[in-house]
Amino acid sequence: MQLITTENKLAGSKKALEIIEKGITSGEVNTLGLATGSTPETLYAELVKSDVDTKNVTTTNLDEYVGLAANDPNSYHYYMNELLFSKKAFKESFLPNGEATDAEAECARYEEILSEHPIDIQVLGIGTNGHIGFNEPGTPFDSLTHKVVLTDSTREANKRFFEREEDVPTHAYSMGIKSIMNAKKIILLAFGENKAQAIKETIKGPVDVNCPASVLQNHPDVTVILDNEAASLL
């Protein structure tokens, strides 16, 4: 596990972009795994400005809310299109289908996509409770793509994106921890003081399902990029 501490979110995002650009330019990155939320927004803005050619790169996404259409402004389809896909050309892009009526079939479909497009670099954020994707504390490490019941803390953290609290979805489709760990390389981004405790448990704590991100200690190629605040408890 390589640890990089930077001055702020912009510097950290640029450092992540350097790794991604190098992988794409060298031809080592054919599939790029993407995350959502506030953490990677600056990375995507920098990627849009970058000269790196992504038209032969396939993207996959970690998760999507259950029940939200792709054109819903709160869906991750919409988020990705607004921040990245409408501004940068990729070969093809895959996300779970939030409108799928058969959850089991949708999870199997997405796992098939992941097997056809092995992830070369997976970008991750981390929740204040240590979740990666929507894999909440207690999620088995051998989990594949599955339908998740969102915890109160995760819904609380995400309610700022919705007009009303009751509009925050209760479920999501998420790549499982095993699905994430199958990526050849992982870049974990964390910025801000509110992520410091989760980062401490991820890097220095035991590998335990109560902090899902701690499993990254077992991955052969992880780069953790922090700002000074997120690194403050290390």
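Including glycine, each Cβ sits where the backbone N, Cα and C put it.
Summarising the annotation, Swiss-Prot assigns active site, proton acceptor to ASP63 (among others). ASP63 (active site, proton acceptor) has a Cβ environment of 23 other Cβ atoms inside 10 Å.
For ASN129 (active site, for ring-opening step), the same-chain residues that are 6 or more apart in sequence and have a Cβ closer than 8 Å to its Cβ are GLU136, PRO137, THR151, SER153, THR154, ALA198, CYS211. Under the heading active site, for ring-opening step, Swiss-Prot lists ASN129 (among others).
Around HIS131 (active site, proton acceptor), the same-chain residues six or more apart in sequence whose CB sits under 8 Å from its CB are PRO137, THR139, THR151, THR154, PRO212, ALA213, listed in sequence order. Feature annotation from Swiss-Prot assigns active site, proton acceptor to HIS131 (among others); the stated evidence is sequence analysis.
Cβ neighbour count for GLU136 (active site, for ring-opening step): 22 (other Cβ atoms within 10 Å of its Cβ, all protein chains included). Annotation note: GLU136 (active site, for ring-opening step) sits in a coil segment as assigned by DSSP. The feature active site, for ring-opening step is assigned by Swiss-Prot to GLU136 (among others).
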